[in-house]
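Under the heading transmembrane segment, TrEMBL lists B:6-25, B:32-53, B:73-94, B:106-124, B:160-182, B:202-221, B:242-265, B:277-295, B:302-320, B:326-350, B:406-426, B:468-487 (among others). Annotated domain 'NADH:quinone oxidoreductase/Mrp antiporter transmembrane' per TrEMBL: B:125-421, in sequence order.
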């Protein structure tokens with residue numbers, strides 16, 4: 001072992017064309033599958049939590065394939081916060097919409113559309129999916145950064 | 001507006017997200033948004049409280065469902081008191097946190113989320129919904145404790161997380177048992193159904209035991225208090241002030257709800273053992289908490305153990321379970337929140353200004369820092385229960401309630417607790433006013449602005465701001481003034497307590 005490796009531990013990242021190609025191919029499918037699971041929250045097993053984690057794993061896969069630092073720079077610090085924020089905001093809007101239309105909080109029937117309740121729950125599941133994927137991404141970067149920057153805030 | 005009960009929970013969540021999202025565009029907007037939100041929150045809770053105290057409880061079912069199925073929100077005198085208390089203390093601590101820190105936007109966002117969780121716990125009329133808000137409160141509180149710099153707060157938060165999750169799990173298990181027994185989660189519906197199942201049914205008894213022990217962990221009653229001193233002492237000053245004032249308080253409120261709204265007094269009458277357990281928890285907590293407080297050398301640890309002892313009084317009032325004692329419990333919950341929050345913030349201020357964070361370092365503070373020492377002294381005396389302060393009124397009602405039901409051991413312990421509280425606070429007051437500083441304590445260091453930002457979470461070495469002084473002095477004034485109006489408040493609360501005990 002040379003001195004330079006002793007001073008700075010080598011990153012576990014290995015640039016492998018096989019992994020990069022695989023990740024490129026399966027990413028769209030994983031994303032679609034995540035959405036599929038999210039859309040099945042209202043009437044079968046599935047939902048925003050599971051779907052959100054699946055969508056969040058895309059960033060994890062990209063991190064494994066292309067290096068965590070590269071992915072972090074590409075994603076940027078604002079995306080996870082934005083995802084979480086817009087997810088919660090979407091939920092609040094869906095909830096308070098009926099109040100503005102004269103119903104009570106979260107009363108989906110106040111929206112005058114067919115199967116309002118079903119679409120309402122579906123939208124809430126999507127919002128939860130946004131939040132969960134944002135948090136998974138944020139947590140991944142925070143944990144990956146290790147103890148070095150001492151409690152810095154990525155998400 | 002008829003939808004205010006839902007909005008009072010949704011609004012802080014919205015504000016919390018607003019802090020995060022606006023923070024992406026303009027980084028230094030966390031404090032103004034959080035403060036504005038807290039002021040609006042006080043207005044919302046205030047108008048709800050007016051309706052809650054005015055005759056029948058306000059009831060609201062989320063989503064337009066009918067009662068036993070939908071989530072119900074109920075605002076009576078007691079829950080109205082809690083939400084106003086949460087909003088007011090949150091604003092006060094924000095005034096302190098502006099310069100004392102922590103100041104990141106994620107701190108303010110978590111802070112508002114904690115407010116949402118506490119408000120939700122206070123007004124929900126559904127046990128499972130209460131668990132959800134208990135978890136929101138818990139998780140945000142762990143995060144806030146961890147927001148201090150350095151390993152100590154991280155370790156404290158981890159311990160808090162482990163023990164707190166254990167408590168919440170017991171609570172959830174208790175809900176499960178109650179649900180198995182009755183098939184409902186709505187509190188009002190549960191109380192009827194549990195009576196139908198029979199109070200001596202082992203399923204119902206197990207549910208009661210799990211719910212109560214789960215909340216004991218959250219309140220920090222003696223043998224289950226281990227997370228609390230570490231968390232309060234390890235957290236940044238502003239956070240210790242906030243969570244010591246609110247988190248255990250709202251958990252104790254939840255215990256009152258569970259015991260009297262869900263299981264009712266008849267359950268306690270049918271199961272004398274349940275009452276004995278509550279009584280034992282109270283007595284042990286009061287005595288051991290005080291003794292441990294006397295043994296502490298660090299101020300924040302001392303205050304934390306003092307909380308263990310004070311919440312023993314509340315548990316005692318629940319065990320007594322008549323209207324006088326419960327009025328006392330409500331008053332003492334409010335009083336303790338103001339006093340303990342005030343004491344933690346004053347201790348933080350003194351630590352920031354004079355660097356005194358241990359009992360011995362308090363020597364000669366009366367000359368050195370008259371306003372800080374004065375506030376600390378007044379609130380400490382209020383805590384002991386010197387009339388006419390709020391601490392006196394709360395203890396008076398609880399002791400009176402204990403005497404009315406002839407629970408002499410508890411009445412004796414309450415009187416003893418006053419002496420024990422005096423024991424640990426007299427030590428501090430004596431040092432502040434009747435001793436010269438033995439060693440030269442580190443004088444006030446004014447560091448330049450950039451350094452002040454860096455050490456903000458730690459505190460030591462910064463000059464206290466106007467907001468910090470104002471919060472501390474307001475807490476001291478309130479702990480006296482509230483004592484004067486507390487008897488009127490007790491009368492105002494009468495219909496609510498009667499309804500709770502019927």
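Backbone N, Cα and C define each Cβ position, glycine as well.
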Between the transmembrane segment (B:277-295) and the stretches B:32-53, B:160-182, B:326-350, B:406-426, work out which stretch tops the count of Cβ pairs under 8 Å.
B:406-426
Count the CB pairs under 8 A between the transmembrane segment (B:468-487) and each of B:32-53, B:160-182, B:202-221, B:302-320, B:326-350, then give me the winner.
B:326-350
Counting Cβ pairs closer than 8 Å, which of B:6-25, B:32-53, B:160-182, B:406-426 has the most of them with the transmembrane segment (B:106-124)?
B:6-25
Could you tell me what the rest of the chain brings near the transmembrane segment (B:32-53), counting residues at least six beyond its ends with Cβ under 8 Å?
4-5, 7-8, 11-12, 15, 18-19, 22, 75-77, 79-81, 83-84, 86-88, 90-91, 94-95, 108, 111-112, 115, 119, 492, 496
